[in-house]
Amino acid sequence: MLGLMLELLRFAIIMDDIGADIDWLEYLVGADNDWLEYLVGADNDWLEYLVGADNDWLEYLVGADNDWLEYLVGADNDWLEYLVGADNDWLEYLVGADNDWLEYLATSKGSKAVNWKEGGVAFFHWPCWAELVRATKDTTSAITLSDTERSMILDAKKTAEFHDSDADICLEAEKIAHILQHARYCIGFTGAGISTAAGIGDFRGINGKWTEREKVKNYGTKGASKFKSAARVDTLRPTYTHEALLKLQEMGLLKFLISQNTDGLHRLSGIPADKLSELHGNTFVEKCETCDARFERPFPCRRGNGAFEIKCKRCKINHRTGRRCSKKGCNGYLMNTIINFGDYLEGNVLSRAIDEASLSDAVLVLGSTLRVTPANNLITMGDRPMKLIICNRQTTPHDEDCKVEGPHGHALGSRVFGDCDVLMKSVMACVLKPDELRVWEDGRQARMKQYGQKRSAPR
C-alpha cells in the first residue's frame, strides 16, 4: 500500500486543449463503452438515429440552400447555448440529463477521481481541471477525493502546465506581431523556458530543478522524476525562439533583451553584448576580480580547484576559475559570472536593464514564471498603460497585467500558454513576408554549423 501511494505521489499535470493521450468523451463515459453508442443506444445507428433512415443526414442537417452552421445555431444564437440550453451544463448534456458527469468521472476507474498515467502524469481539459481543484476545497463537489489524491492535486497545481489551442495561438500571434510592429520601444525578457527545446531543464516546470527538490523533500527520492537531462551546456544550441529574437532585433522591432538565463545561448545566437543584459550571468563569460575586464570563452567557465580558491562571503561558493587576467599589467584572478543564491546582481548589468526597461512601452516575456526578484520587477517599469506579452506554460504573477484594457475596451497585451517555439513560429510568419520567412528558416542548418564552430574554437 505504501509503495502504491509513493508511486501515485510521483505526479505532474499537463493541461492541453486537445488531450494528447486521453479521449475526453471516452474518458467521461467509460473506457469500455463506445461513446456514440452510449449516447444513442446499442441498437441504433447513430446517424440513422439523428436523421432517420430515409433522409440524407447532411442534407437533413443543413438543407441544400442553408449554411449548416447558421442552420444549426441560428444567426442570433450562441451555438453552445443552442445545443444545451442556457440553464444546462453542456458536459452534463452530453452524458445524459439524469447523470451528473462529474459524479460519473469521480466514481469511474475504481476509487480514484483521476486516471493517473505512468509516471504520475495526467491530462485534462480546462473544465475538468477547474472542477478537480474546486473539489479539493469544496465538500459539496460531486467529486470525492481521498486525502492522498487531494494532496497530489494541490501540489500539482503549483507546477501545472497549460497549452492553448493552435487556433488561439495563431490569433494571438497576429496580435503580438501588430504590437511589435507598432511599439515605440519594445524590449524582450527571457527565462529558462526558451531553452528547454535546446535540451536544458527549467526550474519550476513539472520536472524542473526546484520542483524535483520539493518532491524529494516531501516524498523522498521515490517521489522524484526518473528523467534526468544529460545535455552538457557546451553542446546546447540556440532554439527557434533564440534565433527569432535576434531576427526581431535586426529588424528593429526589439530594442533590447534582458535574460535570466546563464546558458549563453543568446550570445551564441548573435545577440550583441551591448544589446543584452544577462542578469544572472553567463556560463561562458568570466571577469577579472581586480580590473573587471570580461572574457567570453568557447568553453564553460567553471570554478576551479586549488590554493587560489576563496569562498564568496555571500553565497559561500568559490567563484575563481583558476585563470588569470591577460590584460596588460593586471594579472588578477578571473571569476565566473554566475549569480548564485545570496549573491548580488552585478550593478552595471542591473543598471543597464533598469534603464532599458524604463524606456519601454511594450515587453515580450518568453519562458519565465516571473517569480524571481528583482528581475520580475523590470517588466512593469516602462510607460503606462503597458503592452505586456507573456508566453509560458505556467501561470505568472503578472498574467492580469496582460489584460489591461485600452481606450477601446480591448486588452493591450497578450497572454499565451504554451511552448515559446510554437508561438514564435506563428509570430515570425506574421512579421516576415513568405519569401523572407522561407529564406531565414532555411538558413538554420548553416547557422547550426556556425554555432558548433564557435563552441569548438581553440581554448
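Note: Cβ is positioned from N, Cα and C throughout, glycine not excepted.
What TrEMBL says about a protein is an automatic prediction, not a curated fact.
What TrEMBL lists as signal peptide is 1-20.
Residues or ranges marked as domain 'Deacetylase sirtuin-type' in TrEMBL: 166-434.
The active site, proton acceptor feature in TrEMBL is assigned to His280.
Of all Cβ atoms in the protein chains displayed, 13 besides its own lie within 10 Å of the Cβ of Cys291 (Zn(2+) binding site). Taken from TrEMBL, the feature Zn(2+) binding site covers Cys288, Cys291, Cys325, Cys330.
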Rounded distance in angstrom between the Cα atoms of Cys291 (Zn(2+) binding site) and His280 (active site, proton acceptor): 20
Which of Cys288, Cys325, Cys330, the listed binding-site residues, has fewest other Cβ atoms within 10 Å: Cys330
Shell of the Zn(2+) site beyond Cys288, Cys291, Cys325, Cys330, same chain only (C-beta within 8 angstroms of their C-beta centre): Glu289, Thr290, Asp292, Ala293, Ser326, Lys327, Asn331, Gly332, Leu334
